[in-house]
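Beneath this line is the structure, given in structure tokens, with notes to follow.
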Amino acid sequence: MNYSIVMFPSKPFQDTANGYRRRYDAHYANIPPHITLKERFSIAEEERSKIIKALRTIGQTHKPIAIDVYKVDTFYPQSTTIYYKIKENDRLLALYEALHRDPFPRKRAHPVFVPHITIAQGLPQSEHADIVGQLKMIDVSHQETIDRFQLLKQLDNGSWAVYETFLLEGD
């Protein structure tokens, strides 16, 4: 089975992101706006309980995370993905790193962690240039504290569903 680990921002901020995703993201219907902490990984059913136990421990030892969304950016030329960029911070990076150690699969989809919330992807290059130009003119300033993260499971239709939620309860 395929799994992923994410954090969801508040519903009002998801609504803001979805305003763009509806138009510019082909994956809009598959998953709400989120911060990916661990890209898709596969584990056997018998390994799942070990992973869940590790996630509970991580939740108990990590504090809630303040996020600061401060601009629109793009991964161009690697891809035409456009996203809300989140300022890196020690707590977010520590949580990300904890999810890339044993017992989790260590493979990283990208060499560098860029905290973000995708608002557009899979755009043709010509359309990307126009859209990113417009979106970069928008003043973006959003702060919130997120006190939980989710283990998602990929369903047969390609969409993602929350399998379990873990509170960030560290001291």
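Placed from the backbone N, Cα and C atoms, the Cβ positions cover glycine too.
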Given ranges 80-83, 84-87, 116-119, 120-123, the stretch to which Swiss-Prot attaches the annotation motif 'HXTX 2': 116-119
Annotated range (Swiss-Prot: motif 'HXTX 1') out of 34-37, 70-73, 74-77, 110-113: 34-37
H34 (active site, proton donor) versus H116 (active site, proton acceptor) - Cα distance in angstrom: 8
Cβ-Cβ distance under 8 Å to H34 (active site, proton donor), same chain, at least six residues away: V6, M7, F8, P9, I117
Long-range Cβ neighbours of the motif 'HXTX 2' (116-119) (under 8 Å; 6 or more residues past either end): 9, 13, 17, 20-21, 24-25, 27, 33-35, 69, 72-73, 81-86, 135
Cβ packing number for H116 (active site, proton acceptor), 10 Å threshold: 19
